[in-house]
Amino acid sequence: MTDVRFSDDQARVLRWNTVLWAFLGLAPEVVAAQDDPPGTRVWSSGVPIALGLAYAAARRFPGRLPWFLWVLAAGIGVVAYFRDGAATLFVASLPMFWLHARSVRDPVWLSTVAVVAALAGDLLRGGDLRANAVVSVVGYGAGTVLALTVRRRLELADRRAERLGAELAGARSELAEAHRREGAAAERERMAREIHDTLAQGFASIVVLAEAARSDVRDAPDDASRQVATIERIARENLAEARVLVGSSPHATIASGSVTATLRRTLDRFAEDTGLAVDAELDEVDGDQTTRVALLRCTQESLANVRKHADASAVGVVLTRFPEHVELEVTDDGRGFAVEDARGFGLAGMRRRLAELGGDLTVTSSVGDGTRILAVLPLPEPLPPPEPPPASEPLPASDSSLEE
């Protein structure tokens, strides 16, 4: 038979009920039995004691507690047969029927059997049936109504708890799904931004260079050859960036440590490809991989906008390091544009990239007055220097050296 496991609250209720049953139901019967004649004293005091011992034994095997309840109902009738006042034991035993029964119907049947047994015992003994009947019936009715009410409320509370648990599980599932969708959308946006800032810019450069090489292939073969070489270089860089995006290779174009050298190479290639004058003032800036990538991508996007839209003759790039942040300023003397009318993906992508790192992007431009792009990016806090190892104590001289 399967054992019944009780929660801490249920076990606490059972302990208190056992104490009350013993002191209010069994103990008064045993004490009152001392005044009975010797012939009946053994039965009138022995039956309550036997019921207490039987309950203690049944508690060791919780699956047998329902059988004990029938023994208790019969025992109440035996006590009523030997002495008056068994109604007290019956009333004190009512909670036992409700706490240990297997179903809602069992306590009703057990209580009915117990009250009938008590009345039958009184009737056979020839006692005051009227007084005991009133106490037993009133106790039976009040206890049954109260127990049914409490049990009904507990069942409603359990159903409500189950419903709330199901709703909570559903909410957690929906939240997890929302987080998954949000993560997928963020990853798609990140990939789109990376493709726009790397592969798309490279392909745009290849198209421009290919068009120039096609027009120069007859009249200026040397220029066409240089342009083809540049196309090959950009194609290889795009291939490397594609491998980075699919996760099969680390960043080959972004060296660890200072980002200045990487930016300088990018500016030199831009000047070589476009023929524009580039004035660069670059401080040495050390940062983690995320900071270096953000600065490089902002520079590449700004230069790509100059190449495609500005029609400029000169570009200025200033990288300034401050104690807690770094500023990247890119200016050109091109045609400019109305900032409020800008709808391109590049500026929005730069702004989101910097915002994810706690930075900011400011675009200043007007038609005919060139453009100024200022990217501000906080620097990560440097790691504290490692603590020096504790100084080692000199080793004591060995016994052999002392002897020498």
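These residue numbers are counts, starting from 1, taken along the chain as shown.
Quick reminder: no glycine exception, Cβ is built from N, Cα and C everywhere.
According to TrEMBL, the coiled coil annotation covers 154-181.
The compositional bias 'Pro residues' annotation in TrEMBL covers 379-393.
Per TrEMBL, domain 'Histidine kinase/HSP90-like ATPase' is recorded for 290-381.
For 377-404, the entry in TrEMBL reads region 'Disordered'.
Residues or ranges marked as transmembrane segment in TrEMBL: 42-58 (among others).
If you look up TrEMBL, you'll see 65-82 (among others) marked as transmembrane segment.
TrEMBL lists 131-150 (among others) with the feature transmembrane segment.
Looking just at the domain 'Histidine kinase/HSP90-like ATPase' (290-381), the mean pLDDT is 88.
Tertiary neighbourhood of the transmembrane segment (42-58): same-chain residues 18, 22, 25-26, 29-30, 32-34, 36, 64-65, 67-68, 71-72, 75, 78-79, 82-83, 89, 96, selected by CB-CB distance under 8 Å and a gap of 6+ residues from either end. As a summary of secondary structure, the domain 'Histidine kinase/HSP90-like ATPase' (290-381) carries 36 helix, 30 strand, 26 coil according to DSSP.
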